Structure formats: structure tokens, C-alpha cells
Amino acid sequence: MDRYTFVFAQGHSDMHGRGVALGAGTILNALATGVGSAFALDIETTATIDVTTENTRDSTVVCGKITGSENGDTQLIERCVELAIEAYGSSDTVYNADIQTNSNIPMAAGLKSSSAAANATILATADAFGITPDLVSACRLGVRAARDVGVTITGAFDDASASMLGGVTVTNNNEDTILAHDAVEWDVVVWTPPERAYTADADVEQCANIASMAELVADLALDNRYTEAMTLNGLAFSAALGFDPTPAVEAMPYVGGVSLSGTGPSVVAVADRNSETDEIDLEAVTRHWRNRGGTVWETTTRPIRRGSSVRSDEI
């Protein structure tokens, strides 16, 4: 009898869990080459889950809910629960699970709302089973779920790893491996126009046309030149994906780096608060962008999550 079967036999069949994961901005879009980079933002998705055992059915049933979006697509978080139960639960037990997410990350805005929802859900499910998971392995479960339900093209391991681990990550999304993981301390301005853009609708062929530029961005990122990398990424992918680069160009004199985030439409500008060379004026960026409509808001990066573990063979 394994640990969880023993607990259930004692009558403690109700389990509750909670998980939190972060939104993120883009340094390098992985659509061109499979190598990507992202950085964690101080915006969050929280997932809560209730799990019970089920004795009248042969298979686990998962019901998902997105707070504030009654008709929102719950396939991703439901698939995350299924995979997390396979990983953390008892193989000979059938479960009922109710999962709910609550977020201040705009959806379909390029700020990694799907990655945050997946990560938070995986962590909540692990928490319900009393497990403290390896964060990289947990992140890979969420990426697998995203691929299974078709909300990602590359697997978005770059976005998911930044969301899960904090700081900046550079990843190979073809292999789901981490190439670099660093801490940054940036102040951030985000502009999100009213329209939305879904990653699954992005023009992959157009992005492939700028592969040589993406390789240059990757070289910059792996040399810790993250702000230069993201600015070049923003210009290249704005052109490839059909977004106006003017908002980014407006911000360039005032910040360390600025880029289209993900497949848009948000644009994210960052300033290294420890830099002695950058001429920083985030208020000027905010003024410019507020004239454009949509939503403008200020935040910061989030540090590396305490307890995150990246094994040496993953760097």
C-alpha cells in the first residue's frame, strides 16, 4: 500500500492545494529557431484545487473554472491536473478534482497567461498531494499539457520556465532544456492595446524568415546582454508578425530594452535599476504610451523563486 492509499484508507480523502506562478515578458521569441528567452514579471496567477477520491467511476474527472471568465477555455488547466495526478497521485486510485484559477495577467496579450495558469495548476495539484516538486520537472508537465491541448506552437518552455522559476531564462524549446538562468532587477512598463493575439494563430513561416536575426538575439542573450537582445527581438518580430514597431521606437531613448512580448500585442520596456550607463525615464515612456489608448501599467521583474532547482545537466 503506497503512501496516498494509506492516507485515504484512514478516511482523509479531501485534499486541498494552492499554487502561484508568474507572468513574463519576452527577450527572444522562440518561433524562429526554437531557442527562446523570457523574464518573470510581478504579476500572478493563483490556482486552487480540491481533490477527492471516487469509488463509483473507473477514471478521474476534472472540472476547471477561470475566475472572471465563465466561458473561458479550461482545457489547459484540466489537462494539467490530469498529468499532475498521474505524476503525484496514486496509480490505483480514481479522483475527482475541481480546479480554479484567478489571475491579474491579461489573457492573449503576450504576457504568458497560459504558462502561468499551467504552472500554478501543476503546483496546486502537487500541493494537494503533499508533494514539493522539482520545479523544472513540474514546468515540463505544464508544457506537455499546453502541447496536448494546442495552445502553443513551440511548447513555450522559455515562457513557462521564467514563469515557474523567476528571473531570466534562456531555453531550447525543442528539447525543453534550460541554457541559462539569471537574476535581474528591472523596472518595467507594459503597454497592452485593446486587441488580443493568440499564439496558435501566429505566422510561423514569417517568423522562420528571420531565423538569422533570432540567432543573433540568442547570442546576445547567452552573453547576458538581455536588454540589447530584447530590443533587437522586438524590431524583428514586430516586422514578422505585422505589428507596428513605433511604440517600441518611442521608448528606446528612455529605457535599457523594449520588445514586443510574445506574439503580441503587448510591448514591454525595461530599465535596469542598477545600471550606471542607461538614461532611464520610465515616466516618459508611460506618457507616450498613454496617448495610444489601451492599458499602460508599471511593474517590476520578480527574483528567482526560492527553492527552485536547476540541475547542472540542464544548464
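Every residue number used here counts from 1 along the chain in the order it is shown.
Glycine too: its Cβ is placed from the backbone N, Cα and C atoms.
Summarising the annotation, TrEMBL assigns ATP binding site to Pro106, Met107, Ala108, Ala109, Gly110, Leu111, Lys112, Ser113, Ser114, Ser115, Ala116. Classification of Ser114 (ATP binding site) by DSSP places it within a helix. Neighbour count (other Cβ atoms within 10 Å of the Cβ, all protein chains): 29 for Ser114 (ATP binding site).
Broken down by DSSP into helix, strand and coil, the domain 'GHMP kinase N-terminal' (76-167) contains 53 helix, 9 strand, 30 coil. As annotated by TrEMBL, domain 'GHMP kinase N-terminal' applies to 76-167.
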Residues flanking the ATP site, with Cβ no more than 8 Å from the Cβ centroid of Pro106, Met107, Ala108, Ala109, Gly110, Leu111, Lys112, Ser113, Ser114, Ser115, Ala116 and excluding those residues themselves: Gly23, Ile105, Gly262
Among Ala108, Ala116, the one of these binding-site residues whose Cβ has the fewest neighbouring Cβ atoms within 10 Å: Ala108
Least surrounded among the binding-site residues, given as Pro106, Gly110, when other CB atoms within 10 Å are counted: Pro106
